[in-house]
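Okay, so here's the structure we're looking at.
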Amino acid sequence: MEKIIEEQAQDLEEACRDVPDVEVIHSGSGFEGLSLPQLIHGQTWNTDADHMIIKTSLKLQEVVKPEETGGERNIEEDQHVVRGKGSFTDAETDIAENVLFIYDASHAGYVHLSNKRPLFPTDSDSVREHCLQNSKFIDSSRKSVPFSHLYMRSKEGSIVGPSYSIQYTTGSFNVDRDFVYGLKCEQWPLQANEWILRDRPQSWPGFEQISAISDQGCHVVPVGSHMSHLREFEWRFSFSAAELILARSLADDQKLAYSVLKALIKSEMKSRDADVFASYHLKTCLFWLLEKRGINSWNKQSLGTNVLELLNFLIGFYDEGFVPSYFIGKNNMIDHRSPEDILKTCHALREIRDSVTQSFCRYIQYNQVLPVLFDTSLTQQLKKNPTKFLQNCKYNFLVMALAYILRPIKMVQMNISSRCLESAASLMKKAEILHKATREAGSQEYKELLSALSDALTPVENPTTNMVLSLLEEFLATDKMKVTESSAVALAVFNVFLALHPSHLHQGSETNPLEFHGYLVNPIFKDCFLWAAKVHERYCDAIYNFVVKKWVGGPHLITTDQEATKFMKLLMVILGKPTKQAGAVTGSLFRSSNEGQMFLLTRFLADYLLHVHLECAYVTFQATAFLMNKSVLSEIYLTINWGTYKPSQLRAIELVLSKQELQAELSEEDFTKLIKKQHELKTELSTG
């Protein structure tokens, strides 16, 4: 998701490169790392990104009344002082056409812009006569900055206030993009001086960060206050660039607490009659909380504690009917909402707080992010069978730990390896705690259990796939679960393998073939799929028998190899989809539906298995042939004739030559060509 957002940002910058006097500022949760992608329509992941288009040809200079600078006010002229680089101190000086003066509006956080000398009184008539109307600026900006060619993969956009919103779709991801036009204030505004000067007992943000933020100034965007009768002539200060700096300075745990709470609130508010909440309020609340409490205290607390503390802090703001802007504390961002609406939102947030575990369960169910899916939902388990709920969590922790161990190998990113292993170790310990709790029913109170889970940071040293698989096997043997639940665990392990197993499409296959081959045949991936096949046959053979009996016209996969037979049974269950978990085997860690793509998954799988288990590869080619309504030989020949990775081509030839039933389909000429190609490939690989 991050890569997609960055690519879109680069596309926008490229589009603006030939447009004179334009600068692009990127912000929003997608760039700040402050979001959990939301699943929409059960199919596509969704996040957001904001883009501010800055017209750099216009220069802004702030006007300061004498009483604000210690001088005496001339009531007759309402004389103003101009502040900023190249300030005009002589009222008779000609004003450049590209200079706009900033005058405070009636509401904190908002201003008027005018190209007139700073002499006129800022009453309503003067504002209407002399100040820039924000809608005219928006119209002229849209004409001068053509972005239409960026919307080719977007749904039709909509105009909401000062912004233009589109939904950009690519593959399995949607990005809600908001474009807003604005102007740059080179100097930090006087209205926000209090942010620089206020006392910070916890020293967050630090002096250097405050200086860096204030030195870069801010922006104004063409939107007026809801409380103003001059709204069309007002502009709002925007501190998006400053917020981006602050957000990116946060630790991952702090970002996660905010992201989880935002996701929960947005998900839960859909079914409630309360519309005051805005995610920007929560981000503002996060900054206020960190400033008052300090970031060190948050680093020492569990995720659940941080989420609840942030939620209580937010409720406190709404309770007071005052959500202060972080940079301009006098600006109450909800003063235009009725007390009744604010009260409804307070009530809704308290309900979420009082049932936060259920809210979280509903969120992860809706977004289909659990790798292991039991027959009953998490919320039902939590209400009716807490032991089953803990059991479900335990297996999900272990399967997620497995994914954390495999992911750095798949991504070949050593910089994330240590973090992933720490997460895997923590999840494994949590699973052990939950296993003990379910075996000793009633021995731990719920709060004690949560405390034990939050303390399980990195107690397992050097976690490995074998350690995870051994724990899973031990727990399955003692838990004696339903057949469908044991099947869910085995299939979830296989799905993690399917999502992360090596592929010849990896970028190192040509540049460093020896290193890539070592990665390709790494035994930990083979261990995972063979474990899943073995366990599924041991506990869930009844499901395979059900599929074979009920699937009229289904595939007839054949093999005489013992390990491949177990794998064949697992593959039949995946193709037959008799359970919810079988339907969720999509080769993705993040989605539960991938209709029409199974033939691609089996083709990539077959290509990988050629290198680690030839007989399992043969079974998979049979499955692909069934899905494509082709012969098995023709599917293997696709790899032989069109494959781009020579070792795969060679192994595919070896597979054909190892099977009499496949050789029988070859003409004498085809057989001769196959032997010749085998010789050529061996020669190329030995000399290369």
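Backbone N, Cα and C define each Cβ position, glycine as well.
Record note: Swiss-Prot gives ASP176, ASP178 as Mg(2+)-binding, and the candidate from ASP48, ASP275, ASP319 in that site is ASP48. For the ATP site, Swiss-Prot records SER29, SER240, ALA241, ALA242, GLU243, SER279, TYR280, HIS281, LEU282, LYS283, and the single candidate of LYS3, LYS55, LYS59, LYS262 listed with them is LYS262. Comparing ARG236 (GTP binding site) with GLU243 (ATP binding site), their Cα atoms are 15 Å apart once rounded. Within the set of binding-site residues ASP48, ASP178, LEU290, the entry lying nearest in space to LYS283 (ATP binding site) is LEU290 (CA atoms). Cβ proximity to the Mg(2+) site centre (mean Cβ of ASP48, ASP176, ASP178, cutoff 8 Å) flags the following additional same-chain residues: GLY28, GLY30, THR47, ALA49, ASP50, SER165, VAL175, ARG177. Using a 10 Å Cα-Cα cut-off around SER29 (ATP binding site), the binding-site residues ASP48, ASP176, SER238, ALA242, GLU291 reduce to ASP48. Neighbour density for ASP178 (Mg(2+) binding site): within 10 A of its CB lie 19 other CB atoms from the protein chains shown. According to DSSP, ASP178 (Mg(2+) binding site) sits within a strand segment. Among the binding-site residues ASP48, ASP176, SER238, ALA242, LEU290, GLU291, not one has its Cα within 10 Å of the Cα of SER279 (ATP binding site). Counting only same-chain residues six or more apart in sequence, the Cβ atoms lying under 8 angstroms from the Cβ of HIS281 (ATP binding site) belong to LEU314, PHE317, VAL323, MET333, ILE334.
Long-range neighbours of SER238 (GTP binding site) (same chain, six or more residues apart, CB within less than 8 Å of its CB): MET52, GLY182, CYS218, HIS219, VAL220, VAL221.
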